[in-house]
Amino acid sequence: MTQDELKKAVGWAALQYVQPGTIVGVGTGSTAAHFIDALGTMKGQIEGAVSSSDASTEKLKGLGIHVFDLNEVDSLGIYVDGADEINGHMQMIKGGGAALTREKIIASVAEKFICIADASKQVDILGKFPLPVEVIPMARSAVARQLVKLGGRPEYRQNVVTDNGNVILDVYGMEILDPIALENAINAIPGVVTVGLFANRGADVALIGTPDGVKTIVK
């Protein structure tokens, strides 16, 4: 199976967690896009979705799924999204698609976070994938200096502006042995909107696409 076929398999597998009559939290990226395609088959059964990016919103609306503003919603049963890396503690690096802040906000509201990923995203230690940090533009250099002090090698992601109007620093060279401590430390830097470490709020369920089928891991 190709990597895209593995992503499609987990995207469709996540449908089993969608309850009729509910509002579904939806992530961003190539794997989440397969889940949106699958969700389109249930559009008459669900109330709608809350989306983590303009791109996902457009795709959902194109399938006839009503998209709610998060401010209209008290709670979400599930949030379904991919990951750039996921470790054995269900902690993740996310933000390769630059939607990390909205993803983290929606994940915090959801009762259950379902991570969908192909097996290549599983790691023992987070950090080989560069760690994205969303930063207010005027603070870019100041934040970069602080990230160097934390042992990272930040690089400005050229020609990318987030849906919130901010910029992304990708931090290379991090071996993240204590993800919660690092998430808290980076989030405390003035000018940081959020970091793409999902450690304080990790996944509750991981659906991992393998050549032998979809593997389910429950926290």
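Glycine too: its Cβ is placed from the backbone N, Cα and C atoms.
What Swiss-Prot lists as substrate binding site is T28, G29, S30, T31, D81, G82, A83, D84, K94, G95, G96, G97, K121, and the listing cites sequence analysis. Residues or ranges marked as active site, proton acceptor in Swiss-Prot (evidence: sequence analysis): E103.
Each residue contributes its Cα atom, and for K94 (substrate binding site) and the residue listed as 'active site, proton acceptor' these two points are 9 Å apart. Sorted by the number of other CB atoms within 10 A, the binding-site residues T28, S30 start with S30, the lowest. Local packing around the binding-site residues K94, K121 was summarised as the count of other Cβ atoms within 10 Å of each Cβ; on this measure the leading residue is K94. Recorded residues G96 (substrate binding site) and the residue listed as 'active site, proton acceptor' have their alpha carbons 12 Å apart, per Cα-Cα distance. A83 (substrate binding site) has a Cβ environment of 30 other Cβ atoms inside 10 Å. Between A83 (substrate binding site) and the residue listed as 'active site, proton acceptor', the C-alpha separation comes to 11 Å. DSSP assigns E103 (active site, proton acceptor) to a helix in the three-state reduction. Within 8 Å of the Cβ centroid of the substrate site, not counting the listed residues T28, G29, S30, T31, D81, G82, A83, D84, K94, G95, G96, G97, K121, the chain contributes G27, A32, A117. Among the binding-site residues T28, S30, D81, K121, the ones whose Cα sits within 10 Å of the Cα of E103 (active site, proton acceptor) are T28, D81, in sequence order.
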